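Down below is the structure, laid out as structure tokens.
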């Protein structure tokens, strides 16, 4: 009676099977070398685990350290001012929150800004204060270093995303384009809400469900988008096409809204409402106020207006710089799955073009999207790749160093002089400062950290709709000499120090002589003076016998 064979793929019975088994049994008495093979499943799992460890401890950890080091260097090589908001809507507010003195601009009395972003730096200030380390230099540099670290994380996230979507070569060139972009270098360490919006946008894109992405997470990306909206409500413009695409492609639309978007939006908005309730003292939805003022009512025109095509003819080409031809080339080469990124760029430019007031920084968040196409272009260059890389690097290096170290540096350098007036002046108790420049030209108490009496020309907009409205700065520049004689009609009200641009000296020289002011310091500002802005900043000091009188008007 034949015993049944085990279930190993052979049929029971049959001569061939019996002979095969008999042959195997005979050979078992000799030395047989069996080849050991690991299962494909085991091999793939082990390979992925090793790759994951490499990404964490090998390539990516070194990449992160390199990027952090570069952005820290970036931070210290940007010593110029860009726009007033990098101080007046962040650091000045944070300083006022922690140290209870300073100045809040009209946007805060009108509740157009959220305290969420300044709270980040206020927390840093509070920790430094509790540790007794709140020196003026730390108050200036620690927030900027914090912003630099966040920008470094965003840079690495962009690299990781492109590595998932394409391959390491494409990711490398996108990363190169991102790091050598002069405008990114110029902005990414500044304490601007636009910078934070850009950082959050890049990290959110890492979790966004792009075709080919392995890091999709609706909760994470929607949380980051919601935070970007809380910090800068116009982030909704950039994210509208991306959110719409996700909604259209999601098969479980109701689940996406009820279990992802609504809970995330509710939690984030509630947190923002509570933060603003604490600091404003009343419930207010600043995001609605901001959009109503800047988008619906278009009050931003008070600070200047531009033609509708400005972003296409000037703004976008300038921030792209020498990346522009590579961006155009990459748009033709990139696969269809990147079409949504191009649509987002064009949509953002079109919507912002409808608003009269335009600035370069408003479209900064679309710049990383453009780097994807620039990197794709470099990947496919063969003959001209080395010259193209040299051209990109050197041209952007020049622009980055010039704008970061030279152009518009005087308004920061003069604050160092004011620090000396406060900390090194034996008569500091009687010192006072009057900044006679276009409003918000310089930082304020966040860069002095001393309750020194200071004043500047103010420029709040008229919200009542008056025609031919002139703010204090406008009235001053109509006739500076008459304004000074009228404002400081007696010696008791004169400040000890005047700060002004060089173009004003000749016009007010009679006042300076009659009031016994002497020029004591000169600071270079720009090679491109225009309008009310001069090439240099002058500091005048009034030196009289006896004690100074501090009855300066505020």
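The backbone N, Cα and C atoms fix where each Cβ goes, and this holds for glycine too.
Under the heading N-linked glycosylation site, Swiss-Prot lists 26, 427, citing sequence analysis as support. The annotation transmembrane segment is assigned in Swiss-Prot to 63-83, 136-156, 192-212, 224-244, 255-275, 315-335, 340-360, 362-382, 387-407 on the grounds of sequence analysis.
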Legend entry - Cβ pairs under 8 Å between the transmembrane segment (315-335) and the transmembrane segment (387-407), at least three: yes
Legend entry - Stretch with greatest number of CB pairs under 8 Å, the transmembrane segment (63-83) reference, 192-212, 255-275, 340-360, 387-407 candidates: 387-407
Inset, instruction - Kindly say whether the transmembrane segment (340-360) and the transmembrane segment (136-156) touch, using the definition of 3 or more Cβ pairs under 8 Å where each pair is 6 or more positions apart. - result: no
Inset, instruction - Provide the three-state secondary structure of residue 427 (N-linked glycosylation site) computed with DSSP. - result: coil
Legend entry - Residues of the parent chain within Cβ reach of the transmembrane segment (362-382), under 8 Å, 6 or more residues beyond its termini: 154, 158, 162, 166, 169-178, 181, 183-184, 187, 194-195, 197-198, 201-202, 205, 234-235, 238, 311, 315-316, 319-320, 323, 326-327, 329-331, 333-334, 338, 341-342, 344-345, 348-349, 352, 388-389
